[in-house]
Amino acid sequence: MSVTVRVPAKVNVQLAVGGARPDGFHDLANVFLAVGLYDEVTAAPADGLTVTCAGPDAHQVPLDHSNLAARAALALAERHGRTADVHLHIAKDIPVAGGMAGGSADAAGALLACDALWGTGASRAELLDICAELGSDVPFSLVGGAALGTGRGELLTPLEVGGAFHWVFALADGGLSTPAVYREFDRLWEGRDVPVPEASPALVDALRTGDAAALAATVTNDLQPAALSLFPSLRATLAAGEAGGALAALVSGSGPTTAFLAKDAESAHSLADALRASGTCRAARVAASPAPGATLL
Ligand code: ATP
């Protein structure tokens, strides 16, 4: 008998980044919003641990134990003193290395799926603890909805969302490595004091009221200059989205996916068409938020 878990991608509507800490991480004030683009992780009984992956970007996903889904299974097994006997299959729809936390989603999905398959009965607190060990974005993939992440992004406070937001995501040719983008951030700020990251009250309010225009006026991404510096062609994609009627255009997380907020579902579809026609991206995907976190199907 196998178990399947569906997990959403995320967009950062605010990504406020502080200076590098002595441990190399950055303090963040990170407002996550889960969006309706999903990976599905299926856990099936097996001898030993194996991973397979299907989907348009599957060839970019490692199938050894460096896969974040495999690492999640190993972490759960180790805590419960058992062997990680499971076959994990990832049906991948979230762009790989796109700044949408696809690997983190698979980790959260694998954790929940293995917990159900093995009957480990881990508490929510334990699952969140393992998620935080696996990566800064993993706890949010488990929880979904909207949340403020502080610390290195892993300390979550849920946020209220008062309505649906409609997005278009433009996928870029190639990926950006998150550590490389942080290194570029550090380089761009060299010799200057980075302000302490704080959540924007106006942005939190825009989420709570479900007001797309107010959200558009408040979205920010402190990693955007670094992502644009490493991937200058994203400027043309952002400009094409703005010309196509986006209320807001920004780099998603560490990029190179770009995110465009639309007025409503219909505008999102015409904006996606405009982006495809612009020739400035590999593909354009429409998705609504908020989306639920990791869910057993
Ligand atoms: P984030 O937004 O959290 O910074 P991302 O969306 O930019 O992440 P991912 O799709 O998570 O990036 O992948 C980053 C790298 O991690 C990939 O290039 C790949 O080598 C590796 N990786 C490990 N496990 C996975 C997985 N399950 N899915 C995708 N990539 C994975």
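Cβ atoms here come from the backbone N, Cα and C positions, even for glycine.
Automatic, uncurated: that is what TrEMBL annotation is.
According to TrEMBL:
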ACT_SITE  K10  active site
DOMAIN    67-145  domain 'GHMP kinase N-terminal'
BINDING   P95, V96, A97, G98, G99, M100, A101, G102, G103, S104, A105  ATP binding site
ACT_SITE  D137  active site
DOMAIN    204-279  domain 'GHMP kinase C-terminal'
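Shown on the structure are the features that TrEMBL records.
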residue : record           : Cβ contacts under 8 Å, 6 or more apart
K10     : active site      : F32, L33, A34, V35, M100, A101, A105, D137, F140, S141, G253
P95     : ATP binding site : A9, D57, G102, F169, L171, T257
A97     : ATP binding site : Q60, G175, L176, S177
G99     : ATP binding site : L176, T178, A227, V251, S252, G253, S254, G255, P256, T257
G103    : ATP binding site : N67, L68, V96, G135
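For the domain 'GHMP kinase N-terminal' (67-145), the DSSP counts in helix, strand and coil order read 46 helix, 7 strand, 26 coil.
The average per-residue pLDDT of the prediction over the domain 'GHMP kinase C-terminal' (204-279) is 97, rounded to a whole number. Residue counts of the domain 'GHMP kinase C-terminal' (204-279) by helix, strand and coil are 44 helix, 11 strand, 21 coil (DSSP-based). A count of other CB atoms within 10 A of each Cβ picks out A105 as the most crowded of the binding-site residues A101, A105. Its own atom aside, the Cβ of D137 (active site) has 28 Cβ atoms within 10 angstroms in the protein chains shown. Same-chain residues with CB within 8 A of the center of the P95, V96, A97, G98, G99, M100, A101, G102, G103, S104, A105 CB atoms, the ATP site residues themselves not counted, are A9, I94.
A97, G103 are the recorded positions among K10, P95, A97, G103, A105 whose C-beta comes within less than 6 Å of an atom of ligand 1, given in sequence order.
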